[in-house]
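Have a look at the structure below, then the notes.
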Amino acid sequence: MENNELLDITLRPKSLKEFIGQKKIKDNIEVFIKAALIRQEPLDHVLFCGPPGLGKTTLATVIANELGVNIKSTSGPVLERAGDVAAILTNLSDRDILFIDEIHRLPRMVEEILYPAMEDFTLDIIVGQGPSARSIKINLPRFTLIGATTRTGLITSPLRDRFGVVFRLEFYNSEELKEIVKRSARILGILIEENAATEIARRSRGTPRVANRLLKRIRDFAQVKDKDIIDLQIAQEALIAMDVDDYGLDDMDRKILLTIIEKFNGGPAGIESIAASLREDKDTIEDVYEPYLMQEGFIERTARGRVATRFAYEVLKRKIPERLF
C-alpha cells in the first residue's frame with residue numbers, strides 16, 4: 001500500500017464522534033444503529049450519494065465500527081460476474097457489511113443477483129446448462145449492503161428502491177473543514193496556526209479529501225523551508241505554488257471555465273464537447289469538477305448544456321457579454 005494511502009486511512013475517523021460535519025446524516029445514522037443493536041438485527045441497506053471526497057467510504061467503515069461487525073469492501077467495476085458477488089456474499093457472517101463503491105457501475109446481471117439477496121437474503125443460482133439446468137436457492141447470512149455513488153441518476157430504480165436508507169452528502173462549510181484540518185494536523189504531528197487552518201479550509205472546495213491533500217502538501221513546503229509550524233504565509237505561498245486560487249479553483253477548474261467562455265462563447269456547451277476540447281474524460285468532469293463549480297455558482301446546467309455565469313467571468317477577469325448584464 002502506498003504511503004499516501006496509509007496516511008489517508010490514518011486520517012479517517014473511526015467513530016461517529018470523531019466524524020466532523022454532515023450532522024443530520026450522523027444523527028440519523030446513530031438512531032438507526034442503536035435501533036438495529038436493540039433488535040439484534042442487521043442495519044437496513046444504506047445508499048450514500050454525493051461528489052467524491054465527502055466521506056461516503058469513511059461513513060461505511062464508521063458504521064461497521066459502531067455496529068462491531070466486519071466490513072468487506074469492493075467496487076462496481078470489479079464485480080464483473082454473478083459468481084463474484086455470490087463468492088463474497090456466501091463468505092459474510094450475520095450482520096456483516098458489504099460495501100460497494102461506484103455501485104452505479106455494476107453490470108446488470110450482477111445487479112439482478114443482488115435483488116433477492118437484499119430483499120430475502122437468498123441467492124438464486126443456475127446450475128448446469130441447457131435442458132438439464134436447474135435453479136438452486138442458497139440462504140445467505142443477514143447482511144447489510146452499503147452502496148456509494150457519485151451518479152445517483154445512473155442507479156436503476158429496482159436497485160435504488162431496495163435501499164431502506166438513502167443519504168445525500170453535501171459539501172462542507174469552512175468551519176467544518178477548519179476543524180478537519182486541525183484534527184488531521186494533530187494526527188500527523190504538525191503544528192498549524194489558526195489562520196493557516198482557516199486559509200486551507202477556505203480553499204478546499206468544501207471537500208475533506210481536498211483539505212487533507214492540501215495540508216499534506218503544505219507540510220512538505222514547510223519542512224523544506226525548515227519551518228516548525230505552518231503559518232498563514234507558508235500556507236498561502238504553498239497554495240499559490242500549487243495553483244489553488246482564493247476560490248479553491250485549480251488549473252483544471254479554470255481550464256473548464258475558460259473552455260466554456262472562450263471556445264463556446266460562454267455556452268451553452270455540451271459536456272461531450274467540453275471533454276473533447278480538454279481531452280479529459282467526461283465522467284471525470286461531471287463527477288470531480290462540475291459539482292463544485294455548480295455549487296459555487298461558476299456554471300449552470302441547462303437543457304442545452306453548460307453555461308458560464310457572470311461570476312465566472314468576473315473571477316477569471318474576462319469581458320462580460322451583454323446577455324449577462
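Cβ coordinates are placed from backbone N, Cα and C, and glycine is handled just like the others.
Just one of ARG162, ARG217, ARG219 is listed by Swiss-Prot for the same ATP site as LEU11, ARG12, GLY53, LYS56, THR57, THR58, GLU119, ASP120, PHE121, TYR172, ARG209, and that one is ARG162. In this structure, PHE121 is the one among the binding-site residues PHE121, TYR172 with the smallest number of other Cβ atoms inside 10 Å of its Cβ. The C-beta environment of GLY53 (ATP binding site), restricted to residues of the same chain at least 6 apart in sequence and closer than 8 Å, consists of THR207, PRO208, ARG209, VAL210. Cα spacing between PHE121 (ATP binding site) and ARG306 (DNA binding site): 43 Å, rounded to the nearest whole number.
The two recorded residues, GLU119 (ATP binding site) and ARG301 (DNA binding site), show a Cα separation of 37 Å.
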